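Written below as structure tokens is the structure these notes are about.
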Amino acid sequence: QLACCCGTAACSLCCRCCPKIKQSTSTRFMYALYFILVTIICCVMMSTTVANEMKTHIPFYKQMCKGIQAGEMCEKLVGYSAVYKVCFGMACFFFLFFLFTIKINSSKSCRAYIHNGFWLVKLIVLAAMCSGAFFIPDQDTFLNAWRYVGATGGCLFIVIQLILLVEFAHKWNKNWTAGANHKQVWNGLLALVTLILYSIAAAALVLMALFYTRAEGCAYNKVLIGVNGGLCLFVSLVAISPCVQNRQPHSGLLQSGVISCYVMYLTFSALSSKPPETILDENNRNITICVPEFSQGLHRDENLVTGLGTTILFGCILYSCLTSTTRSSSEALRGIYTTAETEVARCCFCCVPDGDAEAEEHIEKRGGQTVVYDEKKGTVYSYAYFHFVFFLASLYVMMTVTHWFHYESAQIEKFFTGTWSIFWIKMVSCWVCVCLYLWTLIAPLCCPTREFSV
């Protein structure tokens, strides 16, 4: 483990019973761990609850804040400006590694050794860069300029994330369809999962219609729920239309089911993030409408929205970061969806089969988890592109945690509530996702001379 932290050895778990892991995979997970750590720190910085608990329960809190020059009550370590500075440090860390790892083709080069090892040293460097951002002169100018850089990078990451979601749907269907050619059980699994996905999407549509609309008012909600539900139905019909099936026989309802579920999630999340509408009741009192009303007297179940939304959000972020460098994902980002000639159906279709790992040259056992050195012949993914995606993800997290352009009133406790900027970003993301999937279906019809396969 010392060689992992301070040297070039690949990281592994201490437990021998853990399944073997590839060096390339362990490296990417370590960077993801750094990313998660800084993201958690950002969430803590945006939490008024945590700040108040620290003031209450930490002895000599005031003296400690003065000692580290963070303000009388550590006000420099909380709020959107602190998150901007921490994310600036993390973004610079990944951007510098992006520049450092450009055109690395061999894992035996000096730069590759630094990319794959020296984890303790890199953790210290990351901490130093995040801390050093607090000493940038002319903070107001820095924050104003960095805000627009963050918005640009965050929007670019959303596009990458949506492309990879579409690629994920195609990969799933492609893998299980390959199994259906040999065993009928895969046809049953395809039908079952497709039914479950459409059931979830339909149930979500009905529940949103019940809880987010009413007979009078709620025009925005009614239109958006209707439009997004209609888009899901439209792309499903296109996916199974004869003209699409003739060019793409592997296109089916599983992909459109995945897209429909994600569209319903974005619609639910957007409606939950929309500022509430108020009207006067019969007693001339302002009442909130177009939000769920439960028997407990709550206007909205914030714990459900925040918990579900946060889980899906960061799951998508990590999936986008960790899979963006695979061959199929890289091709998808260039608009190419290819079908592997030797596709082997498996439930865990995102992972490479064990047989591929066994074919590699070197497997090392050091008393703990087995490490497969799968990059002896060359790198299996683009190091530079991997860091660039994490750079964009850092900007996306910064903007998301600080409520995009409503940063001054942002709190982590109100992560999914009440800002028009978040509402429209989610709705536009929803429509872009549908357009991207629709393009993968109709592209072979529009460009008949180009090879497309899903």
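In case you wondered, yes, glycine gets a Cβ from its N, Cα and C as well.
Just so you know, TrEMBL annotations never went through curation; they're auto-generated.
Bear in mind that the values here come from a model prediction, so they are computed numbers and not experimental data.
Residues or ranges marked as transmembrane segment in TrEMBL: 29-51 (among others).
Only residues 6 or more beyond the boundaries of the transmembrane segment (82-102), in the same chain, are considered here, and those with a CB under 8 A from a CB of the stretch are 34-35, 38, 41-42, 45-46, 76, 111-112, 114-115, 125-126, 129-134, 136, 143, 146-147, 150, 153, 383-384, 386-388, 390-391, 394-395, 397-398, 401-402. What TrEMBL records for 82-102 (among others) is transmembrane segment.
If you look up TrEMBL, you'll see 114-136 (among others) marked as transmembrane segment.
TrEMBL lists 148-168 (among others) with the feature transmembrane segment.
Marked as transmembrane segment by TrEMBL: 189-213 (among others).
Summarising the annotation, TrEMBL assigns transmembrane segment to 219-240 (among others). If one looks beyond the transmembrane segment (219-240) by at least 6 residues along the same chain, the residues whose Cβ comes under 8 Å of a Cβ in the stretch are 201, 205, 208-209, 212-213, 251-253, 255-257, 259-260, 263-264, 267, 270-271, 274, 290, 427, 430-431, 434, 437-438, 441-442.
The transmembrane segment annotation in TrEMBL covers 252-271 (among others).
TrEMBL lists 304-322 (among others) with the feature transmembrane segment.
Per TrEMBL, transmembrane segment is recorded for 383-405 (among others).
Remote same-chain partners of the transmembrane segment (425-447), defined as residues 6 or more beyond its termini with a Cβ less than 8 Å from a stretch Cβ, comprise 158-159, 162-163, 165-166, 169-170, 224, 228, 231-232, 235, 238-239, 243-244, 247-248, 251, 255-256, 259, 262-263, 266-267, 269-270, 273, 335, 337, 404, 454. The transmembrane segment annotation in TrEMBL covers 425-447 (among others).
No contact links the transmembrane segment (252-271) to the transmembrane segment (383-405), because fewer than 3 Cβ pairs that are 6 or more residues apart lie under 8 A.
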